[in-house]
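Asker: What TrEMBL lists as transmembrane segment is A:30-53, A:74-97, A:109-129, A:150-172, A:192-216, A:237-257, A:263-282.
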Amino acid sequence: MSATTTLAAERSFSDLWDFSTTADLLGYDFVQHALLAMALLGLVGGLLGPLIVARQMSFAVHGASELSVTGAAAALLAGFSVNLGGVIGAVVAAAVFGWMGNKARERDSVIGVVMAFGLGIGVLFLALYGRIGTGFALLTGQVVSVGVQGLVAIAITAAIVVAVLAVIYRPLLFASTDPRVAQARGVPVRTLSVVFAIVMGLACAQGVQIIGALLVMSLLITPGAAAARITANPVRALVLSVVFAEVAAIGGLLLSLAPKLPVSVFVTIISFVIYVACRIVGSRRVYRTR
Amino acid sequence: MTPGPVSAQRGGRPVVTFSAARLAFGDRVLWDGLDLAIEPGEFVAVLGPNGSGKTSFLRVLLGQYALRSGTVETTEAVGYIPQQHADDADPMAIRGRDLVGFGVDGNRWGLGLRGRARRRELVDRALDAVDARHYADAPLGVLSGGEQQRLRVAQAVVSEPDLLLCDEPLASLDPTNQHVVVDLIDRRRREAGTAVVFVTHEINPILPYVDRVLYLVGGRFRIGTPEQVMTTETLSELYGSDVEVLRVNGRLVVIGGEDAHHCVAPETPGSRPA
């Protein structure tokens, strides 16, 4: 069994360079849908990443994603839209994390506690449903089966993210990086925290549908974290984060086509390589600034 | 809040007026019967032991706490300088320049793309005023405490405030940097007539600038010039215990009192607080 798996993997990796297969596959509707979905998810993740990193909400992203799976499992059992269930699970969880504000230390343990409980409930729902396949798909994603409905969902999410950020970006950056003075100047710090968390929850929910709960962080956090290593200019960080996220999202999908491996594998690898490169470049830069 | 009129246009009206003000949380009264008018250009130090309501006093002025009774009127144009310490936020996510930029319009909605040129000009001028231009593009997290506090002064002053609220801005700075920062705050006061409310544990670094002291202890308070308030008689009465105030080389040394640690001279034997 394991020997066969190894052989399969070897063959798959040699297919990486089989560009004619990739080109053929790009002609299919479902592949084009997947490509568009990844591009939109990359945009969303790239835009949110630097703020998530500045607000130290990485763990909240993970928590919201896991609870999105719980919501999706509940929807599966109750017989309504899995996507909607995932959105509700992620948004409720994220709103609670956001309401807890910017105090990372307090929030940390609560997310852990809530996430563990939520996952347990999610497993229960899947067990009651009787088929574990869909639940597993939510953990590793299913971008090639995103379909028109999924595409509409991520497009709406992207529109909401862009619109909300266009309104709240400036006070949110203030509240995220200088909370005491922001509060003194009358910025509604707590409200912004909840609004941002809800938007982040929406993004997590679509990320779960597309690349899976386990790998959402590679598009929502890693690009932003990578950008933060090489610049402290918030605008430049935002632009770089979007570029990194798009390279990982689109590049990951393209590379996954020929070897028929899960998209998530390549998205995470590209994302991580970019991060490591930024750390190396960034460590020299910070040293010089001192 | 939006930058308000410069103090000259206020026609010398007080920037802060407390009338019979009372602040209490549950049964705990922080202060009561407070009547205080702060004039443009005045430097008021707020002193007292921990938990006496110094920070709450600032929060009332910022509109974050409501009085239990009485009234307070303040100018809209307020600048705020916090204590230098690590927030729960990531100090590598912004540059010094961005911190000062928040002072211009960080509280407004939208992206602020249209006001970019004006913001940059105001920020550069504020950076020059505190001699911070050369490190303004470095991440905040790599700057020293003194460098950060100079940026804090620029951030507070860039919005042209009539009132500067300072919440222990010198804590954790060395004497040289304390002097630099106080001097910058005082320069703003002299040049623009901005009133300063300065909460502190340690009066000595600001003593030469202080017009009046508000000294809070356990629900009681005294207001007056440093000469009137910082005396053995007044502080003993305020604390309800024996407190001695000495003047040594132009510095005030307070012996006794709950917060004696804040200005006890280290060489004075037997004066360490319990």
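Cβ atoms here come from the backbone N, Cα and C positions, even for glycine.
In TrEMBL, annotation is done automatically, which means it is predicted and not curated.
Remember, predicted model here, so these are calculated numbers, not experimental data.
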Asker: What residues in the same chain, six or more past the boundaries of the transmembrane segment (A:74-97), come closer than 8 Å to it by Cβ-Cβ distance?
Answerer: 57, 60, 63-65, 67-68, 107, 110-111, 114-115, 118, 121-122, 125-126, 128-129, 134-135, 138, 149-150, 153, 194, 197-198, 200-202, 204-206, 208-209
Asker: Report yes or no: does the transmembrane segment (A:237-257) come within contact of the transmembrane segment (A:150-172), defined as 3 or more CB pairs under 8 Å with a sequence separation of 6 or more?
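Answerer: Answer no: the transmembrane segment (A:237-257) and the transmembrane segment (A:150-172) share fewer than 3 Cβ pairs below 8 Å.
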Asker: When you scan the chain for residues with a C-beta under 8 Å from the transmembrane segment (A:192-216), skipping those not six or more beyond its ends, what do you find?
Answerer: 37-38, 41, 44-45, 48, 51-52, 55, 57, 60-62, 64-66, 68-69, 71-72, 82-83, 86-87, 89-95, 97-99, 101-102, 137-143, 146, 150, 153-154, 157, 160-161, 164-165, 168, 171-172, 175, 263-264, 267-268
